[in-house]
């Protein structure tokens, strides 16, 4: 008989025969009847058994969180809180759990995050914890669907590379046979090469690695990056694509994951588009009107971003950043080369992502390399792609975990990562 998922039991007729597999969450043995709470990845159901000698012997031997099989029938006349249960006819232990458990699943014991991460497999069994990742999955799926609808194709680029994407030193070195190599910070260079190849619109979802020695609640050293690049586009086109992709992702999560939001005690609304825009220089004016000193060419501090973000209720763009704080591939503004056709997407004081129109003229690209004091020879495969017809193009890269953290109002990005990699953690 095929397995029945718990969340489909209401679709069955009263009295229908079912087989449920799952974790035995808790058991209550009464005089004549026993009640077991069984959990699978779709929900929890009560199963009731008459206490005949053979059945009672099995139930008494089941440790919490053991894997069990329950055969029985759907009972929609149940007086249980859910109004439905399984009237069990047999139960068997598929795989027994050891006792005691390294981390409680249902008991109201508050463990700190480090303890939870050390026993992550147990932590993820909690409904409110696994809900984060079901929402994250739906968020990503909504973004993917939107990009497909806009004629993007999904690509997969190398994660072992010979040079830094942005020329920095924040790289994890690896030994690639007899050569030195690095884990890629971003698919940026390869996305742009694909514009020269005529792919027109591409996106990638994959790991990115940053060897930055931070240890904050907003940073990871390995994260999931959603990157796009689009031809015959500028920074305004890229911003429109970004805000609509995020809106699509949130719409899908809200539509598909109502129970998960409820289990987290969260109610969210889909953001309206377009998101507000404010230029870098307008931000400076705003800060100075509040009596805050700021020098052109500096990046904004968290406190300064908090001041700026207080003017907005949600997502907003800061545009036209100085060339000095943007990567070499960022297009300068034609009317003021001090500035660039670039943007950061912010949520209050938190940076969500950044993007820009890219340089497409090979001579300007070489000039930008020289300004940033980068060795062109280290990027020859990339530079060559600009010599034979590179279209104007723009794009962005978006961290999935940070977006999820913002959406759910969580205080630590590690909560949105199955197995976080940070300054101190590489296990599990």
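The backbone N, Cα and C atoms fix where each Cβ goes, glycine too.
Not measured: the values here are computed from a predicted model.
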Residue among 154, 272, 281, 351 sharing the ATP site, where Swiss-Prot lists 210, 211, 212, 218, 219, 220, 399, 400, 401, 402 as binders: 351
Given ranges 180-183, 184-187, 188-191, the stretch to which Swiss-Prot attaches the annotation region 'Aspartate': 188-191
Nearest recorded site to residue 351 (ATP binding site) by CA-CA distance, among recorded positions 81, 210, 358: 210
Nearest of the binding-site residues (210, 354, 358) to residue 219 (ATP binding site) - Cα to Cα: 210
When distances run from the Cα of residue 402 (ATP binding site) to each of the recorded positions 81, 354, 358, the nearest one: 354
Residue 358 (L-aspartate binding site) versus recorded positions 81, 212, 400 - nearest by Cα: 400
Per-state residue totals over the region 'Aspartate' (188-191) - DSSP helix, strand, coil: 4 helix, 0 strand, 0 coil
